[in-house]
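Enquirer: Below is the structure I would like to discuss, written out as structure tokens.
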Amino acid sequence: MAQQRRVQLSTQRPTSTVCVLGTELSLDVCGSAPKDAVTFHVQGTPGVKVYVVHDTQSVKLPSSVSRWPLATSAEVLLSMDALSKDVGDEKVRISYFGEAGGVPVGRAMLYLTCVEVSLDADTTRGGTASRTLLDKATWTWGPDGHGAILLVNCDRDDPTAKMLDNSDTAIRSYDDLKDMSQMVLRTRGPRTIFTGHRLILHVDYSDADKVGVFYGGNSVALEEYKHVLGGSKLAYTIKPSRHQEESIFYVEGLTFPDVGFSGLVAFHVTLLESPEKVQLPFSRTLWYSACVDNNEDFVAAVGAVAEKAKCPLTVCPPLENRQDRWIQDEVEFGYVQAPHKTFPVVFDSPRDWGLKDFPVKSILGPDFGYVARQAPEGSSSLDSFGNLEVSPPVTVQGKEYPLGRILIGSSFPRLGGRRMAKAVKDFLTAQKVQAPVELFSDWLTVGHVDEFLSFVPAPDRKGFRLLLASPSACYQLLKEKQEEGFGEAAMFHGLQGVPRTTITEILADEGLRKFNSYVQSCINWNRDILKRSLGLAEPDILDIPQLFRGDTARGAEAFFPDMVNMLVLGRHLGIPKPFGPHVGGQCCLEERVRALLEPLGLTCTFIDDYFSYHVLSGEVHCGTNVRRKPFAFKWWHMVP
């Protein structure tokens with residue numbers, strides 16, 4: 001399956017984007033649909049291949065069907081086979097129709113530019129970098145094997161040198177350069193696209209100490225070759241010139257395969273659309289912290305949800321939590337399992353705030369284990385376990401993950417970004433059977449994955465839905481209510497000391513809209529990763545309306561209580577009360593979330609956490625923790 005990227009559309013203004021050769025674009029046709037639309041029609045120019053996915057069947061357009069039902073399972077996929085000659089020279093138009101048909105009730109226009117971005121190495125083992133769009137992610141042994149081979153540059157070409165050639169970040173001779181493997185970045189297409197975008201070559205954090213990468217631009221002089229990747233350098237921004245389609249990098253190996261290192265490393269290249277966008281049923285027990293100040297109502301509301309779910313509660317009293325209410329961030333719960341016995345284990349984070357003694361003093365005991373990993377380099381917010389989640393069981397391209405996959409947040413690969421402590425990440429990876437997926441969360445002020453995603457059970461499809469925070473869905477809802485005549489309905493009604501903001505004021509705030517467009521691009525990045533890594537299709541995902549505020553320097557925070565940051569106790573959900581505009585006597589945000597979740601058999605209880613948690617940059621999920629029953633599946637039955 002081709003790599004896929006989600007594109008948001010708008011009936012208010014045209015959308016422009018880049019399609020990279022060999023990839024697909026998935027159009028959000030439902031998210032941009034006018035409220036009265038029931039069907040849609042897709043039309044593209046000759047250079048665009050258009051497919052409509054409906055009821056799991058993919059139909060290439062044009063076809064005998066001219067209009068498609070507008071349902072949550074509907075998806076439009078695009079690809080392009082030829083490079084663009086000019087920016088925006090190919091187009092796709094989505095026309096929306098109401099019950100009566102006839103004239104469209106709205107149109108969304110997408111302008112496309114196709115470019116090639118190809119990172120090539122000697123995958124055929126013939127001595128030169130092979131130009132291909134296929135099969136770069138595999139490596140096989142044997143005389144007919146496939147995949148690039150990298151020399152460990154462990155000789156000493158300069159007899160006067162005191163160390164091995166790969167022990168520093170300099171190239172001292174042309175013989176040293178010849179020991180390195182070439183990696184070629186090729187870019188083709190309208191050159192103005194590349195001057196207006198950023199190309200970033202990056203390496204995974206876990207691979208950064210295994211390789212060194214050098215780049216000399218167009219020069220042949222040794223002194224022009226600079227060390228650009230490896231060690232603390234995780235990313236390098238390339239600026240292709242108007243006349244240069246190829247950039248040649250030289251790569252050296254730093255270490256041989258050994259315990260903890262298979263010998264395989266991965267390089268990635270990413271085209272960023274805008275320079276400013278990225279600085280880039282269980283049995284269970286519920287825990288929460290009871291604080292001295294102002295969370296009594298929250299505790300009572302959580303207790304009511306737990307009672308509905310018949311879930312026992314454990315309270316961490318003030319003397320033990322030392323005014324630390326973020327119990328989700330301090331610990332996670334798992335279990336150890338052998339053929340003869342299973343017992344729960346608390347995983348203690350390196351965070352160590354007020355709750356740091358609680359796991360050992362109050363949880364560790366007979367048949368309740370304890371494990372911890374420290375961060376000798378110093379912990380960051382991303383070491384808190386609101387940044388550690390696990391998906392439900394999934395199957396991805398035929399590979400089963402019956403215990404789910406671990407989800408952790410990190411930074412976009414760049415020097416200076418926050419990321420989970422290496423000791424914690426290495427520990428999670430070493431467990432094998434839940435193969436961690438690294439997401440991009442550093443765009444948030446706090447930086448936790450539970451700020452933009454959650455999972456809820458469902459009776460169909462994969463047995464669950466992935467919930468994603470969605471500024472686009474929120475703007476669509478508010479625009480819909482404004483068009484219905486409720487533009488003066490205000491947020492935060494009933495909250496003392498909180499300025500009320502009307503729907504019209506929110507929609508007119510261009511700074512807020514621009515920032516939320518950036519946030520949506522970050523969430524879309526993660527959406528694509530989650531679809532690939534968890535084997536999901538669009539109908540497996542629900543977009544929960546949510547807005548954020550902040551800036552790209554200090555990060556994003558929830559504009560109103562973050563509804564995806566919820567407590568899930570089976571089919572009973574404790575959701576942060578959003579205090580949205582009242583339309584027809586009820587909060588339109590709550591109404592929309594109920595409409596999305598209640599058809600799945602879920603019950604929604606909205607909990608007021610505004611002053612006790614939200615203003616402190618957290619929500620319901622952050623203030624609670626749940627221990628769930630172990631899976632019946634035995635971990636040793638899995639083939640990692």
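Using the three backbone atoms N, Cα and C, a Cβ is placed for every residue, glycine included.
The shown structure was predicted, so the numbers you read here are calculated from the model rather than taken from an experiment.
So TrEMBL lists the following for this protein:
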ACT_SITE  Asp329  active site
ACT_SITE  His448  active site
ACT_SITE  Asp450  active site
ACT_SITE  Cys622  active site
DOMAIN    1-113  domain 'Protein-arginine deiminase (PAD) N-terminal'
DOMAIN    115-273  domain 'Protein-arginine deiminase (PAD) central'
DOMAIN    293-637  domain 'Protein-arginine deiminase C-terminal'
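Neighbours and distances for these, please.
Expert: Residue environment of Asp329 (active site) contains 26 other Cβ atoms, counted within 10 Å of its Cβ in all protein chains.
Less than 8 angstroms from the CB of His448 (active site) sit Asp329, Ser381, Leu382, Ser384, Gly386, Asn387, Gly409, Ser441, Cys622, each of them six or more residues away in the same chain.
Take the CB of Asp450 (active site) and look out to 10 A: across all protein chains shown you find 26 other CB atoms.
Its Cβ placed at the centre, Cys622 (active site) has 27 other Cβ atoms within 10 Å.
Across all of the domain 'Protein-arginine deiminase C-terminal' (293-637), the predicted model scores a mean pLDDT of 92.
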Enquirer: Per DSSP, what is the helix/strand/coil residue tally across the domain 'Protein-arginine deiminase (PAD) N-terminal' (1-113)?
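Expert: When I sort the residues of the domain 'Protein-arginine deiminase (PAD) N-terminal' (1-113) into the three classes, I find 0 helix, 53 strand, 60 coil.
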